[in-house]
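Chemist: What follows is a structure written as structure tokens; I'll ask about it next.
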């Protein structure tokens, strides 16, 4: 695509958002940057892998949070020195990073290969099983999860100050976003979409459908592993409870809030989730109507319910619709002069994830 | 059955491009195919006809690799393909279409044809665009023109009308320049004009391209085919030139259902 072709309004808005995010540490409070936004970027990165699998390959995965945790645990085991919990391998931080990413990617490859012959609800169920098994593996094999989790995990010196972790999250998010988006136009990305639309047809065209699904799952595992590393550096600790079914579902909920077929939606959903999680208790009088911290999940549940009913395309879908509504009156006014029969201008219709 | 041998083609010098030997397919207790033999010679235009339930589609799916036979053997260009999955067929120069158009509805017409080319070229694991990639994309445009879809090149396949989807199906099969094309009822649901176009495209194929079509539409089958095989009850009943088959009393009986009273 030409440079001019890239200059769509959407891309300009996204570029502006990135510029604002780059300048954010000098605009907002340290708490907002290092707590709210860093967490948003980490969860957004993880949720983007769910979107990637769902949008391109038609696979809704519940195993992403497990892989997120695998990367965190592996880093903790490899990087901590004797005396700490876990395996205490005491490696150099970057060697531990490499180890964590390699293990996560290999685990993703194996899990993906096993799941590659299932689709739809069966794939969803199988990845849910992965999440449950993964949780018990870490909960019961305390040698690799330290009794009660691995604590006092230090991040590499390069990422020492919290704001650097924010920038690392931003960099990886931008790379993942651009990477996933451009992947859709590559031979591999198109083949994945073909697998999503009609796997039998793809096989008869000569494609190895199972291999494509496996590779997609592996790639998603690699990216979510990077997110898992950021997460363990941000938290400073990881325990089996943090990859149980609850957090697993939350990641899917984030993807649904944002819109499961849009990459922007992953970060948008994460932002809304973190905002609600962080600021809900601060709203004036909120506890008077019975919404206390304990009811946090109820609020998220209501938000998800509202989005499912009002806009299955999530917040991104709502934004698209609002934009359409703002543009339509202007377009209609411009049309009156032509007076042709049935003026049809810029008519858009969405069918599920397809936007002609 | 005595008629089975009638399906064998006359002896000729070259080896058959597709060999079906004593293929039997059982779905539970139902025998969809009962020991079918069929040889298809290079460049032959063969139509398989027969009433509903005759086993045409099952035979087709066995040849295409979608169904593994219960017994018997299928070979393509001398290679035993009986239990090889369908994805190995394109490498042997075999392309197929489906009775109900199976296009990738979320992708554009161009990308649909592009995928057909990419699958054939086995370049689908390439992550990055290359000159080969660019060439495949331009070939896609040429193919779209052949099947009258040049104007729809960048439309999502899901928005095409039924007839256009069938044209796209055909385009995806033609795109790779196959030696053997398997067409599953290519004329079903087409208007008269669309059918004429289909015949025109099929007649314009290079003479060395082998065609196997399953057809309900006698008009199309008899115009395209040099040889017609008639199936009934999972067996090949008779075979011959279109003119011979049209005169065959057996065929009349099968289609008009007078066999029972005879």
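Glycine residues also receive a Cβ, built from the backbone N, Cα and C atoms like all the rest.
Pulled the feature table from TrEMBL, pasting it below:
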COMPBIAS  A:345-356  compositional bias 'Basic and acidic residues'
REGION    A:331-356  region 'Disordered'
TRANSMEM  A:40-58  transmembrane segment
TRANSMEM  A:65-87  transmembrane segment
TRANSMEM  A:93-114  transmembrane segment
TRANSMEM  A:121-142  transmembrane segment
TRANSMEM  A:162-180  transmembrane segment
TRANSMEM  A:214-234  transmembrane segment
TRANSMEM  A:240-260  transmembrane segment
TRANSMEM  A:298-319  transmembrane segment
Chemist: I'd like to know if the transmembrane segment (A:40-58) touches the transmembrane segment (A:162-180) in this structure, counting it as a touch only when three or more C-beta pairs sit under 8 Å and are separated by 6 or more positions.
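Modeler: By the criterion, they touch.
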Chemist: Considering only Cβ pairs under 8 Å, which range in A:65-87, A:93-114, A:121-142, A:214-234, A:240-260 makes the most contacts with the transmembrane segment (A:40-58)?
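Modeler: So the stretch in question is A:214-234.
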Chemist: Looking only at the recorded stretches A:121-142, A:214-234, A:240-260, which one has the largest tally of CB-CB distances under 8 Å to the transmembrane segment (A:65-87)?
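Modeler: Most contacts with the transmembrane segment (A:65-87): A:214-234.
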